[in-house]
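As structure tokens, the structure follows; a few thoughts come after it.
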Amino acid sequence: MAAPEMAALLFLSTALLLRGSFVHSQGLQVGFYDSYCPDAEDIVRSTVEQYYDKDATIAPAVLRLHFHDCFVQGCDASVLISGASSERSAPQNFGLRGFEVIDDAKSQLEAVCPGVVSCADILALAARDAVDLTGGPSWSVPLGRRDGRISLASGAKALPSPADPVSVQRQKFADQGLSDHDLVTLVGAHTIGQTDCQFFSYRLFNFTATGNADPTISQAFLPQLRALCPPGGDPGRRVALDKDSPGAFDVGFFKNVRDGNAVLESDQRLWSDAATQGAVQKYAGNVRGLLGLRFAYEFPKAMVRMSSVAVKTGGQGEIRRRCSRIN
């Protein structure tokens with residue numbers, strides 16, 4: 001090869017290396033896979049839609065998966081790893097669903113773009129698509145996450161609990177670099193969520209050993225909850241977190257919190273705490289349409305912030321071949 005050609009090749013190689021370093025040094029970016037796997041987002045979307053068409057409750061399940069992933073050592077798909085002591089085995093992750101959706105999308109992507117798209121990015125995209133399919137907003141997802149190699153059940157203690165007081169919830173969100181406003185906004189995802197009787201039945205009959213129900217539950221709503229979760233009933237029975245429009249991504253959840261109709265104690269406490277009541281009121285409001293649009297504007301921004309928590313990029317982590325185990 002002639003000297004000029006060698007010099008040109010060396011320049012091109014150096015330029016490509018610098019471009020790659022620049023991309024990763026800047027963290028995540030929208031359209032990250034446009035050149036390497038242009039159909040990536042479409043494949044994830046079609047997979048989520050396929051499962052959603054068969055079972056609409058898969059939408060909140062996938063959204064919850066992403067949330068639980070990001071709160072434990074960042075958004076690195078560590079929650080997807082199988083193992084006796086992995087994150088997904090922790091008590092805090094009891095009832096997590098939707099793993100098959102991510103595995104299916106990953107399998108398809110590996111067939112067309114092997115070793116390119118991370119499980120962490122698939123999870124972030126699937127969460128966005130789940131919200132969109134339930135009538136919520138859509139948004140551009142910054143991509144470029146890499147998958148973590150560590151998954152420990154002990155890390156799940158960072159996750160918010162249904163019985164957490166607001167002060168603890170605020171601290172757990174602050175630990176992830178998220179604000180009080182992010183807390184209220186992201187908890188709004190409960191508008192399409194479900195929970196098990198075991199996570200709130202203590203509120204219904206003998207709250208704090210008083211022999212009575214939690215006084216913050218509205219008297220009109222209490223009989224409905226007691227009928228769904230009677231003493232000696234199935235602790236794993238699923239109950240919608242938004243009693244009025246459980247399948248629609250809207251502001252109904254915030255109206256329920258305001259009116260004493262929240263299912264989880266941690267949700268209801270958002271109304272009684274001065275640090276969070278204002279945001280709940282802002283979203284609940286009185287004019288459903290206008291406030292719905294406001295929530296639809298704020299939620300994507302909060303999701304982008306959450307899905308950027310402690311991400312691994314560049315040479316960190318790996319691109320798993322299978323999401324349930326490290327390479």
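Cβ coordinates come from backbone N, Cα and C, glycine included.
Cβ-based neighbour count (10 Å, all protein chains) for H68 (active site, proton acceptor) stands at 22. The active site, proton acceptor annotation in TrEMBL covers H68.
The Ca(2+) 1 binding site feature in TrEMBL is assigned to D69, V72, G74, D76, S78, E87. In the shown protein chains, 27 other C-beta atoms lie within 10 A of the C-beta of S78 (Ca(2+) 1 binding site).
Taken from TrEMBL, the feature substrate binding site covers P160. Listed in sequence order, F71, V168, Q169, K172, F173, S266 are the same-chain residues at least 6 apart in sequence whose CB falls under 8 Å from the CB of P160 (substrate binding site).
Sequence annotations record features per position, and here TrEMBL assigns disulfide bond to C37-C113 (among others). Counting only same-chain residues at least 6 apart in sequence, those with a Cβ under 8 Å from the Cβ of C113 (disulfide bond) are Y33, Y36, C37, D39, A40.
Counting only same-chain residues at least 6 apart in sequence, those with a Cβ under 8 Å from the Cβ of C70 (disulfide bond) are Q176, M306, S307, V309, A310. Annotated disulfide bond per TrEMBL: C70-C75 (among others), in sequence order.
For C119-C323 (among others), the entry in TrEMBL reads disulfide bond. Note on C119 (disulfide bond): other Cβ atoms within 10 Å of its Cβ, all shown chains, come to 30.
Around C197 (disulfide bond), a 10 Å sphere centred on its CB holds 20 further CB atoms from the protein chains shown. Taken from TrEMBL, the feature disulfide bond covers C197-C229 (among others).
Under the heading domain 'Plant heme peroxidase family profile', TrEMBL lists 27-327.
Residues or ranges marked as site 'Transition state stabilizer' in TrEMBL: R64. Less than 8 angstroms from the CB of R64 (site 'Transition state stabilizer') sit L96, R97, G98, A189, G193, each of them six or more residues away in the same chain.
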Entries of H68, G74, D76, S78, C197, C229 which, being recorded positions, have CA atoms within 10 angstroms of C119 (disulfide bond): D76, S78
Residue pair H68 (active site, proton acceptor), D76 (Ca(2+) 1 binding site) - Cα distance, angstrom, rounded: 11
Neighbourhood of C75 (disulfide bond) by C-beta distance under 8 A, where only residues 6 or more apart in the same chain count: H66, D69, A120, L123, A124, R145, M306, S307, S308, V309, A310, V311
Among V72, C229, C323, the most crowded of the recorded positions [Cβ within 10 Å]: V72
Among D69, D76, E87, the one of these binding-site residues whose Cβ has the fewest neighbouring Cβ atoms within 10 Å: E87
S78 (Ca(2+) 1 binding site): nearby disulfide-bonded residues from C197, C229, C323, Cα cut-off 10 Å: C323
